[in-house]
Each structure stands twice: as structure tokens, then as C-alpha cells.
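Per Swiss-Prot, the features are:
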- 1-29: signal peptide (SIGNAL)
- 30: pyrrolidone carboxylic acid (MOD_RES)
- 85-96: disulfide bond (DISULFID)
- 107-124: disulfide bond (DISULFID)
- 169: proline amide (MOD_RES)
């Protein structure tokens with residue numbers, strides 16, 4: 001009787017383990033998060049790039065409003081920056097430091113959150129970096145020359161005799 005009860009209990013446990021085994025793979029195939037999908041897009045960008053160094057996620061814009069269907073393409077917008085890691089090393093970009101004065105690219109496109117659908121449509125454009133000219137050392141501004149109003153001839157009051165005598169003294 002004890003052995004029948006033990007085998008029945010063992011049968012139930014094996015049934016539970018079987019059901020759990022069926023549920024776990026479906027849980028692992030859950031939808032990716034927005035960030036994970038963008039990181040996957042950055043990996044694809046690094047794979048397809050012909051540049052010398054890897055790029056790493058610098059900034060991730062806000063995710064769009066929640067959509068229930070993970071198979072629907074979601075709009076993404078993010079910024080990547082060049083790292084010090086050479087592309088052939090195949091090192092994860094997250095472990096690489098950003099390159100000083102490295103290239104920065106703004107990327108936009110769509111990704112799907114379903115890991116079984118590899119739908120990525122991303123395009124990246126390099127952001128023109130604004131290189132600042134070094135400031136010259138502080139020098140005081142030269143002062144403008146003082147303002148002197150123009151000199152006007154003295155005003156002659158009316159009725160004042162003319163300054164020069166007439167050419168012909170007898171004629172007026």
C-alpha cells in the first residue's frame with residue numbers, strides 16, 4: 001500500500017514537472033523589453049558596420065506607449081557613440097569605454113519585441129560635433145576713443161557787421 005501511494009505521489013510530481021517544463025520555455029520566449037530590443041539593434045549595427053570600432057548605446061529616448069502585440073514594429077530613437085574596442089574583437093560593447101572625441105550617431109527606426117521575429121529597420125546619421133575653439137586668454141577690451149563733438153564755427157548774431165569790408169567802399 002505504501003509503495004502504491006509513493007508511486008502515485010511520484011506520478012503526480014512527474015506530471016507537475018512535465019507541465020512546468022512546458023511552461024518555462026514559453027516564459028523564456030517572452031517579449032523583449034524596449035531596452036533589450038534597442039541593444040539588439042545596436043549589436044546588429046556593429047555587425048553590419050564597416051568602421052574600425054564598436055558603437056555602444058549612449059542615450060535611449062522614451063519608449064512609445066505600450067502596445068500589447070510584441071510582433072508589431074515599435075518606433076525607436078537612440079544615440080550611440082564610438083568605443084575604444086576594435087570591431088573584430090567581438091567584445092560586448094557594454095564592456096568598452098567610450099572613445100574620447102568618438103563619433104556620435106543618432107539612430108531611428110523600428111524594432112519588434114518578439115525575439116523570434118528578427119525585424120529591425122534602423123538608420124543612423126552622424127551628429128555633427130561642434131568643436132569649440134579654445135578661448136584666448138582674457139584680455140581687457142580696448143577702450144573706444146573719447147567722443148568729441150565736431151567743432152562748429154561761432155554763431156554770428158543778426159545785425160553784426162560783416163567780417164570783411166565791402167570791395168568797393170563807396171557802393172553798398
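Glycine too: its Cβ is placed from the backbone N, Cα and C atoms.
Features as recorded by Swiss-Prot, highlighted on the structure.
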| residue | record | Cβ neighbours (10 Å) |
| --- | --- | --- |
| 85 | disulfide bond | 21 |
| 96 | disulfide bond | 18 |
| 107 | disulfide bond | 20 |
| 124 | disulfide bond | 20 |
### Query
What's the CA to CA span in angstrom from residue 107 (disulfide bond) over to residue 85 (disulfide bond)?
20
### Task
Measure from the CA atom of residue 124 (disulfide bond) to the CA atom of residue 96 (disulfide bond) and give the result in Å, rounded to a whole number.
20
#### Entry: Rounded to the nearest Å - Cα separation of residue 85 (disulfide bond) and residue 124 (disulfide bond)
20
### Message
Please report the three-state DSSP label of residue 96 (disulfide bond).
### Response
coil
